[in-house]
Amino acid sequence: MNWHMIISGLIVVVIKVVGMTFFLLYFPQVFGKSNDGFVPTESYGTTSVQNVSQIFGRNDESTMPTRSYGTVCPRNWDFHQGKCFFFSFSESPWKDSMDYCATQGSTLAIVNTPEKLKYLQDIAGIENYFIGLVRQPGEKKWRWINNSVFNGNVTNQDQNFDCVTIGLTKTYDAASCEVSYRWICEMNAK
C-alpha cells in the first residue's frame, strides 16, 4: 500500500471538513442580510417587514419583527418573554439613563425575577448596567422605579450609593448615581 497517498487523502479530507465548518459558521454572518424582506422567527416560519408596517400603519424600518410571532421591538432592541430590552453602548449617570429610556417610551429595566436577572446578566457580560432600582438618599429600603419594594440583597449598599447596576459580578451592586455606566431600558413588546 502506498502510505503517501493515504496520508495525502486524509489531509485533504481534514482540510475540507475544517473549511466546511468555517463556511457553515460564518456564511450566515457575512451574507445573513438578504433583500427579500423576510426575517426568520423562532417557530412560526417567517414574518415579512411589510406585515410589520401593516400592523403599525407605517412603512419605516424603525421596528423589526422579533423571534416571537406577532410581536415587534424597536430596531436595536432585544425581545425576551414579551418585553423589549435596549442595552446601551454609551455611558451616562443614572438620571440621564432614566431620561433616555423615557424618550424611547420605556423605563429602566425592572429585574424582578431570577430568570430575567439571568437573561440580562448573560447579555451584560463584563459590563455594568444601570437598572431601575434605587433608594432615596438616607433610606435603607430599595425600590423599583414603579415603586414596588425590592426584597433581595444589594452588595456595596453600605457605601452610601443609591443606584444599582447589574453585570460584571452577577449580583445587584450598589453604585453611585453620579458615575456614568451603561443602562438597560425595558418596554412591553407590541
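Backbone N, Cα and C atoms are what each Cβ position is placed from, and that goes for glycine too.
Model, not experiment: these values are computed from the prediction.
Residues annotated as topological domain 'Cytoplasmic' in Swiss-Prot, with sequence analysis given as evidence: 1-4.
Per Swiss-Prot, the feature transmembrane segment maps to 5-25; the stated evidence is sequence analysis.
Under the heading topological domain 'Extracellular', Swiss-Prot lists 26-190, citing sequence analysis as support.
Per Swiss-Prot, the feature N-linked glycosylation site maps to N51 (among others); the stated evidence is sequence analysis.
The domain 'C-type lectin' feature in Swiss-Prot is assigned to 80-186. Helix, strand and coil content of the domain 'C-type lectin' (80-186), in residues and according to DSSP, is 24 helix, 32 strand, 51 coil.
The number of other Cβ atoms within 10 Å of the Cβ belonging to C185 (disulfide bond), over all protein chains shown, comes to 27. The annotation disulfide bond is assigned in Swiss-Prot to C101-C185 (among others) on the grounds of sequence analysis.
Taking the Cβ of N146 (N-linked glycosylation site) as centre and 10 Å as the limit, one finds 9 other Cβ atoms among all the protein chains shown. According to Swiss-Prot, the feature N-linked glycosylation site maps to N146 (among others).
Per Swiss-Prot, N-linked glycosylation site is recorded for N153 (among others), and the stated evidence type is sequence analysis. Other Cβ atoms within 10 Å of the Cβ of N153 (N-linked glycosylation site) number 9 in total over all chains.
Residue environment of C163 (disulfide bond) contains 25 other Cβ atoms, counted within 10 Å of its Cβ in all protein chains. Annotated disulfide bond per Swiss-Prot: C163-C177 (among others), in sequence order.
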Exercise. Using a 10 Å radius around each Cβ and counting other Cβ atoms from all shown chains, which of the disulfide-bonded residues C101, C177 yields the largest count?
Worked result: C101
Exercise. Quick one: Cα separation, N153 (N-linked glycosylation site) versus N146 (N-linked glycosylation site), in Å?
Worked result: 18
Problem set entry | Local confidence of the prediction over the topological domain 'Extracellular' (26-190), expressed as mean pLDDT | 78
Exercise. Given C185 (disulfide bond) and C177 (disulfide bond), what distance in Å do their CA atoms have, once rounded to a whole number?
Worked result: 16
Problem set entry | Cα-to-Cα gap, C177 (disulfide bond) vs N146 (N-linked glycosylation site), nearest whole Å | 18
